[in-house]
Amino acid sequence: MEKKSSSQLIFSLHFLVFLSLNIFTVQMAEAQNQTVPINVGVVLNMNNSFGKMGLSCISLALSDFYASNSHYKTRLVLNTRDAKGDDVGAAAAALDLLKNVEVKAIIGPPYSMQANFLIDLGDKAQVPIISFSATSPSLSSIRSPYFIRGTQKDSSQVNAITAIIQAFGWREVVPIYVNNEFGEGIIPFLTDALEKVNARVPYRSAIPSMATDDQIVAELYKLMTMQTRVFVVHVLTSLGSRLFTKAKQLGMMSEDYAWIITDGITNELNLMDPSVIESMLGVIGVKPYVPKTEELRKFRTRWQQNSPTINPELNSPTMLWAYDSATALAIAVEKARLTNAKFQMSIVSRNATDLERFGISKYGPGLLQALSNITFKGLAGNFQLLDGELQSSPYEIVNLVGHGARAVGFWTKQTGIVKELNSSNTKTYSTSKNKFGSIIWPGDKTSPPKGWVIPTNGKKLRIGVPVKIGFTEFLQVTWDSASNSTEVKGYCRDVFDAVMAALPYGVPYEYVPFATPDHKSAGSYNDLVYQVYLGNYDAAVGDVTIVANRSQYVDFTLPYTESGVSMIVPIKKNKRENAWVFLKPLSWELWLTSFCSFVFIGFLIWLLEHRINEDFRGPPSHQVGMIFWFAFSTMVFAHKEKIISNLARFVLIIWFLVVLILTQSYTASLTSMLTVQKLQPTITDMNQLLKSKENVGYLQGSFVFGLLKQLNFDESRLVQYNSPEEWDELFSKGSGNGGIAAAFDEIPYMKLFLAKYCSKYTMVDPTYKTGGFSFVFPIGSPLVPDVSRAILNVTEGEEMVKIEKAWFGEKTTCPDSSTSLSSNSLGLESFRGLFLIAGIAAVSAFVIYVIMFLYEHWNVLQRSDPDSSIWSNIVELLRRYDNKDLSSHTFRNTGLSERNVCDGDCTERGEKVSSHGNCQQSPQNFSLNTSPYSNYPPSPMTFSNHTEQCLSSPRVQLNQVENVIINSQAEAVHVVEHEIELVNPNQDSQMTARSTTENH
């Protein structure tokens, strides 16, 4: 049945070609007397349906064109040659057309391999070579201006393919292509486009164009052993049919696989056997979009009428490009006004070959120019050439289901993937998978495959682990000589096992020690990472840190530990028995400022209280002592003196706040110094370490060695260690005895070390940021994103806490380095604002008091006495300041208001004012009248400060009530009050004694 169907197909194609040529010949004969025939060559493979269909489309295009443009003076005459399916046949056919027929243009050949040699011939003869199916990007007008590509080149579709890959998040793609110029031409463009979307090409599957079924099966088996399951197929339909048939038989059309075919197959799906189409269920394909126009509908109707049994749908854009290419050539020939003139023969030698014995077409440049300027709306869309190539159009994305393909989306340069073209809702470029319609994937699944699986070759992932001597809590490798097996255990291994168990799929793996045959470490951590890059390990697990230079060779997962490199140094204790430790809470600047402030406040309070407060009067030595006593007694709030002045009270309110804060800060700092064990690092700064040129330690094999060299440490001063015990031993030796003064290491190691020796060492800043411990995979490994997500799930859960407790135990109560270091003394800068506020308040009070005093005694400064001077006026002001302010309420009579005051003519020298205005001394001034109710002895201060009396002055009104003596005749009795002040030295209080005479 299959042979009978093929015979019918070939017979129908012959009949169609014969009919088309007869129609075209009749039309040419009718116009022969008035038109100019132009010979044009056609080179196609006439032994297959593709070539016959192409020739039919060309013939129909010329028939339709001249039927609607009968006024044209030129008519194309087709000279058909069979390319015989190979490069030599195509070259021989073209040579025959150029030498014997002298055609003005050649349409063909069908394949890129055949076009290579024809382009050179056309360039030599200046005859345009117009191909509607040679799509290799390596064929371009840059190589020869006489090559015209009337189809889309293969590189135009790579962006549409990568958009699909990006939409579904696939990170690895394997291209399957035919090993010839057609297949290899697209690969550089495809790999570059994939790289832009972070997709990797781990392998390229090149299949020979004449490959046998066994070769195809062998290549497919090789692909099955790999983890990548996304394939981009770029072959012709003949090879593609066999490829997918074998893939179906091997089970490679299942749910784990994703297949994308280029337009090399998608354009010719209608020419493939239905059984092959059924085996391609779920395949995604791309092809140039052909607008559904009325002209295309009419053409397909005519095609179905002329060939009802041969490809009635005619869905191939290639055939439409053949139609449009013939139309374009007919237009160009008319515009260039070609004739059937002979070629210009070049001078050749007698021994010249046939390749040199053909002439040059003088119409070639004009015809080429006319083709370049042609623009029209063809059956396949707009026909416009730029640099000799057809402009790219949008691509249609199809999904093979059942016996055919259905559109699931479109791709354009401007909008990316869209469900519908010319949609007003799409304004930006998008590669979202939500833009696709419903897709049926291989295995008849609706969910897209993840694009990779664990290889089916039975091999487990080889996980490289470092061999360590110390810090075995992180990782430890032991060998069992009896069973010749290895055991890997430790914190890193348990974390990796938990992460792999959290993956949504199973991954078989095994641990392989990175060791020499004698069970020693085979190199540093950098060497282990490089082995992953070389492919000797599929991954690496251990205390491997993420470092920038390592990331150039491998991919890291998210870290699962803290990051950072810091310095650790020994600590020394301060002796708490220091006799002067009480001075350390405050710096000397703060001590000096506080002392000066106390003295200043004491002096200011004395200044404000001296004239109105008896507590601040007396002999000079007493007053000086009072200044210091009152000032420093405020420090413990032990003062008993009563403050009378409002200005002094205002100053003290601010000062008490200062004293309270200062004393509380001092107490807290001193308490901390005396009760908390203080630790001081032997080295506090890295620069100090660089200057001292002492030895520095680092973990053997760690990247910290390179970091220290970058920090300008001399390599001869760098000492390596392997374990915490060796680390402690190096510190104990000291730098001068082959030991170390400090060590740089990663924070996880330091925490483990300090858990054992926290009383002897401390961590010192700065901390250099690093990536933390991570798992290592080859670049582009699809496991990386899934493992990173699993790490987040594990580290955020209880599993991580259990693993840490299992290997590191409960957290050690080791004092933090920031609190272990001795506190610095409190400095002046901490209280600068407080002292500033107190100072402003004190100065303000002083200024206000001075202004008030000068205003009250302004007459002293304005005296007109010629004997007075500025100095005498100042002395007088000071004398008056030293006097009591009798106008103050503290010196007024408790019973009567004082209405008269001395104006300065009476002094405190025990003088009595006579009737003539002179103050004379009276003995009575030195005697005290005590009240019968008083039990207090007289005070000496009474004689110096409290016995002044001024009487009978012409300028002074008396401040006393005149005494009336009671006579013996029972006359009217007048009360005589005489006020005196008594000062009790024991109780510092004032009492008033009154003497009252009454009528008996």
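Using N, Cα and C of the backbone, Cβ positions are placed for all residues, glycine too.
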Per TrEMBL, the range holding transmembrane segment, considering 494-511, 620-637: 620-637
Folded-back contacts onto the transmembrane segment (834-855), same chain, C-beta under 8 angstroms, at least six residues removed: 593, 597, 600-601, 604, 607-608, 645, 647-648, 650-651, 654-655, 657-658, 661-662, 828, 861, 877, 881
Per-residue pLDDT averaged over the domain 'Ionotropic glutamate receptor C-terminal' (462-810), given as an integer: 84
CB neighbours of C758 (disulfide bond) within 10 A? 20
